[in-house]
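TrEMBL lists 21-430 with the feature domain 'Major facilitator superfamily (MFS) profile'. Residues annotated as transmembrane segment in TrEMBL: 17-35, 55-74, 86-105, 111-135, 147-168, 180-202, 247-268, 280-302, 314-332, 338-360, 372-394, 406-425.
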Amino acid sequence: MPIATDTTNTNTLYKKIAWRLMPFLFFGYVAAYIDRMNVSFAKLQMAGDLGFSDTVYGMGAGIFFVGYFFFEVPSNIMLHKIGARIWLTRIMLMWGVISSAMMFADSPLSFYGLRLLLGMGEAGFFPGIILYLTYWFPNRYRAKCTAVFIFGIAFSGIISGPISGWIMENLQNVHNLRGWQWLFLLEGLLAVLLGCIAPFILQDKPENAPWLTADEKRLVREHLTAEQQLAVTQHAAFKEILANANIWLLSGIYFLLVAGLYSISFWLPQIIHDFGQTSLVTTGLLSSIPYLCASIGMGLIAYYSDKHNERYRIMLACMLVGALGLFASAWFQSPISLSLLSLSIACTGIMACFTLFWTIPTKILSNTNMTAAAGIAMINSLGGLGGYIGPFLLGWIKDTTHNLSAGLYVLSIGLLMAMGLLILVQRRVAI
């Protein structure tokens, strides 16, 4: 049987590619998520040491995404021009150094500035990987690949809590550095290490991979050509992107999802700490529970989605689960077990949406004459601003009302709005 029509050979080929690329991409995003989120644990010491209010913390935590916004689209275009191998290496090294430099924050202004620089340094990594996957995998394989990649979020949440808590509690005042300073220093070095390894693992495209045979390269090329995925040109079609309603609808959906995810992530250690958990190690261990639940749910949902080739209805259901979880976490403030259960349900629903979401814009953009790289990055950068608005809003609400319940209700309503936007996209384009 010809290789192009042999399903077994095809599945074997994409498993081979996945095993070559996905482990490194997975650990890369683990490092990225740890470095953008470790401020949530640092806050437990840092806010008191530096006199930060909850509003200041929320602003600084979220301003990361402002830097992300301005540098994301240019970064994706440069990745296509220069190649993933060099460009992703640059991104990892830069954000690792800046993340470690967070240990020098000593005022709200320096805190804002370093978080802004961290966003600039990391900008392009996530959308770059989403674009990178389109160079290697047809759409029907990408949901599972994206799930593995985004599982890095859940995995980092599982391991970073206990590790961060241990570092802050056990290295406090060692060599005259506070625990939160050690936290930034050590966890930033992980990205630097991965950046040094990246050039030896990544290949720009299948045709550059020495570990693929000529027939395997041809098969990948045939599959991608059949989906009419268009290469990025030197001049991104920004007018066309801005005029496309689907881009704005997808950006709105992503904005609301990101606002929900990062609001929980940036405030989860504080929520647990407010229940009377004085031990940083215990706080870290408890904070890993929602991510552990989400990691299991994400894998099962992505598998079911790929098996039945269904994205739209499953994503709607996940949004509803996330909204109900957020509502319940605001409603049930005690006992801690019930609050953690509600947050775990919310995390599972929201994170599962991310594994499905990125199969939609890549499919839509691959069937238009729009620049794929710029379109993906535009959605991610516009939508990513939810990571700024959500945490800042919760910080302001907490300073105003002295609890987070009202903010969690707002986020729950936001996910219901995301459901409405997804319905509009489905009516415009079959997904």
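Even glycines carry a Cβ here, placed using N, Cα and C.
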Stretch-level contact, the transmembrane segment (86-105) and the transmembrane segment (247-268), CB cutoff 8 A, at least 3 pairs: no
For the transmembrane segment (147-168), sequence-distant contacts whose Cβ falls under 8 Å of one of its Cβ atoms, 6 or more beyond its ends: 18, 22, 25-34, 37-38, 41-42, 44-45, 129, 133, 179-180, 182-183, 186-187, 261, 265, 269, 279-288, 290-292, 294-295, 298-299, 301-302, 347, 351, 354-355
Chain residues outside the transmembrane segment (247-268) and at least six past its termini with a C-beta under 8 angstroms from it: 37, 39-40, 58, 61-62, 65, 153, 157, 241, 287, 290, 319, 322, 326, 343, 346-347, 350-351, 353-354, 357, 360-361, 364, 375, 378-380, 382-387, 389-391, 393-394, 404, 407-408, 411, 414-415, 417-418, 421-422, 424-425, 428
Contact call for the transmembrane segment (406-425) against the transmembrane segment (180-202), three or more Cβ pairs under 8 Å: no
For the transmembrane segment (314-332), distant same-chain residues with Cβ under 8 A (at least six beyond the ends): 257, 260, 264, 301, 304-305, 338-339, 342-350, 352-353, 356-357, 404-409, 411-413, 415-416, 418-419, 422-423
Interface check, the transmembrane segment (180-202) with the transmembrane segment (17-35), three or more C-beta pairs under 8 A: yes
Cβ-Cβ under 8 Å with the transmembrane segment (55-74): same-chain residues at least 6 beyond its ends: 36, 39-40, 43, 47, 108, 111-112, 115-124, 127, 236, 258, 262, 266, 374, 377-378, 380-382, 384-396, 398-399
